[in-house]
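**Student:** The structure under discussion is supplied below as structure tokens; questions concerning it will follow.
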Number of protein chains: 4
Amino acid sequence: MNKNRLEAFSDGVLAIIITIMILEIKAPEESSFESLKPLIPALLSYVLSFAYIGIYWNNHHHMFQVVKKINGSILWSNMFLLFWLSLIPFGTSWIGEHHFAAVPMSIYGFILFMAAISYTILQNKIIKLEGPDSILQKAVEKDIKGKISATCYILAIPLAFVSPWISGLLYITVALLWIIPDARIEKQINKI
Amino acid sequence: MNKNRLEAFSDGVLAIIITIMILEIKAPEESSFESLKPLIPALLSYVLSFAYIGIYWNNHHHMFQVVKKINGSILWSNMFLLFWLSLIPFGTSWIGEHHFAAVPMSIYGFILFMAAISYTILQNKIIKLEGPDSILQKAVEKDIKGKISATCYILAIPLAFVSPWISGLLYITVALLWIIPDARIEKQINKI
Amino acid sequence: MNKNRLEAFSDGVLAIIITIMILEIKAPEESSFESLKPLIPALLSYVLSFAYIGIYWNNHHHMFQVVKKINGSILWSNMFLLFWLSLIPFGTSWIGEHHFAAVPMSIYGFILFMAAISYTILQNKIIKLEGPDSILQKAVEKDIKGKISATCYILAIPLAFVSPWISGLLYITVALLWIIPDARIEKQINKI
Amino acid sequence: MNKNRLEAFSDGVLAIIITIMILEIKAPEESSFESLKPLIPALLSYVLSFAYIGIYWNNHHHMFQVVKKINGSILWSNMFLLFWLSLIPFGTSWIGEHHFAAVPMSIYGFILFMAAISYTILQNKIIKLEGPDSILQKAVEKDIKGKISATCYILAIPLAFVSPWISGLLYITVALLWIIPDARIEKQINKI
């Protein structure tokens, strides 16, 4: 089974997710600089979510480069990942409109956590099919970044009720951690 | 005639259908957990429709893997299928906003039924072009899943007026039936 | 210069145009069959525009199959075509919301006319580059369908003020004329 | 690392940006010619932004034709470019709704300026990877067009407060400058 269409479909969904979020940022009623001020939370949440979708696209791209074959179970794991990512625009507009209030920040973390879990499931399904000697297996052997991210999300969900800013900092930290492109896979590829 | 562009265009349309449905789920006015409660029907209907579009993409993907050539009549059958699938976001938001009331549930079933019919037409056009010895012909010989689905939809349309929950259960049953990827085609491919 | 990305980009734009129109058909406020009635004009205009975008995708697909090379002038002609097609959702929602009133019907015809002109310009640019012996040149030699369509649009624009139904009939006639896939190009390809 | 998916993803994002802007132009409440009048600013700003996205797609297409390999830093520079381009629909609807008022025109220029800077960064990252003898390096050696554009944007941002029409003229000038497809790269390719 061919991986090209899975990549193309995922690219399509990610491209739409990354783009439609801007539809939620309505042009201000007035034409002054001050009228931009109330949009700042929406803009910040857009930047954060744009970065996250960018990260997922990037990692998805890296991961599928080493994939040779796919099967039905990989197709559905990928769909499950796309489902959770598709909820990001909802989370984004909620945290933006409510200035990063506790409950929306917590739910946003939950969506990110579920996306991370789905990504790990997808990764494991691929490794299972490719075999223990696959490049991907070696590349993500310890998956430290993945574990740190999941831990940050788990912490951020309840900590939003202590202070939403802690959660916000955790989300930004994870994003920065990943914006450094996944050198692990690149390294393994270069070894060959 | 080349099948790649037909696949790419269908992927584009399906990617958009699956993604824009989230635009209908507006972030709540308040920032409490309770404010999420009224969104539950919309979320559930989104999950169902997401699964259906996923199923169609999956089966479309499987089916076109064994397609070698296409013609004008296949192009238009595919467009007819995309038309009915494009109505799913409408049906989804209607059943979600009206908590799975009878008429919306019935109409939702009608849209699913028409999509199923279009898919069968497309399948038959492909078999006609590929010939009776084609892999697809063997793979869908009895098409039991297809027939069960169509029957469920036909039942669900009037039964929504007895109880919309019966229709709901039927839609979920059909979805689960298909989420198991179309092993029939995979089996035939592996035989070769 | 490679034609693949031009095809992919056009497919993307057409896929979005065909899909976002459904966002304009809002789920009814009530959950009765009668509440669907006011949506009928919107649905009909959606069907018509869906068919038109389908036709353009189909013909674009056929035309680019015989294209071997492209240049900057073809890129911009294609962009000009996409611009006019991108106005179709606007025209569609206007004619739907105003039950096919004269002015919207006339403007809708103007958009279709400009799209047809752009398509002809694109076709001519391709023929110019491919040379007078190109398959495309032979396929569209007389371009009777193209001329009939343009004439129908020109008639429909003023006739909307006599009766919008005349324009409507003309738009439907042109659509039906084209839904028969462009046998001309297929014929020329088969000759080789 | 393969450039195809980066191209496909960028095409997807650009296709959506170019298309969703039309969603902001709502069909008029009435069905008269006069009711189109208030839409003229929105339509004009749509035409301008459509041209800009078209230009970026065109140049992106030209640039990546000469790219042989990509790396993580190119992926992220591309994402940074897409981010600024994704803000164009916001700017477009703001300048349209406020009839090209000073602040929106200035912000629109800022978005265009940031997009231009991102494009230059992307270009430099590619040249760095491809080496000083690359086709791209030769093609954009002096990058006069790029420098004129950046200068125009820098001028347009403050000049909007003298008169928004000056900024408007500057944006149109830059657009026209680029609609002439990037002959520089085509020339270098033809030399080989």
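The backbone N, Cα and C atoms fix where each Cβ goes, glycine too.
Because the structure is a prediction, the values reported are computed rather than measured.
OK, TrEMBL features for this one:
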TRANSMEM  C:9-27  transmembrane segment
TRANSMEM  C:39-58  transmembrane segment
TRANSMEM  C:70-95  transmembrane segment
TRANSMEM  C:101-122  transmembrane segment
TRANSMEM  C:152-180  transmembrane segment
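Please situate the listed features within the shown structure.
**Tutor:** Residues 39, 42-43, 46, 49-50, 53-54, 56-57, 60, 78, 82, 85-86, 88-89, 92-93, 96 of the same chain lie 6+ residues outside the transmembrane segment (C:9-27) yet bring a C-beta within less than 8 angstroms of a C-beta in it.
Residues 11, 14, 17-18, 21-22, 24-25, 28, 81, 85, 88-89, 91-93, 95-97, 99-100, 112, 115, 119, 171-172, 175, 178-179, 181-182 of the same chain lie 6+ residues outside the transmembrane segment (C:39-58) yet bring a C-beta within less than 8 angstroms of a C-beta in it.
Non-local neighbours of the transmembrane segment (C:70-95) in the same chain are 1-3, 6, 10, 13-14, 17, 20-21, 24, 41-42, 45-46, 48-49, 52-53, 56, 101, 104-105, 107-108, 111-112, 114-115, 118-119, 121-122, 125-126, 129; each lies 6+ residues outside the stretch with a CB under 8 Å from one of its CB atoms.
If you look at the transmembrane segment (C:101-122), the same-chain residues 6 or more away from its ends with a CB under 8 A from one of its CBs are 52, 56, 59, 63, 74, 77-78, 80-81, 83-85, 87-88, 90-92, 94-95, 143, 146, 149-150, 153-154, 156-158, 160-161, 164, 167-168, 170-171, 174.
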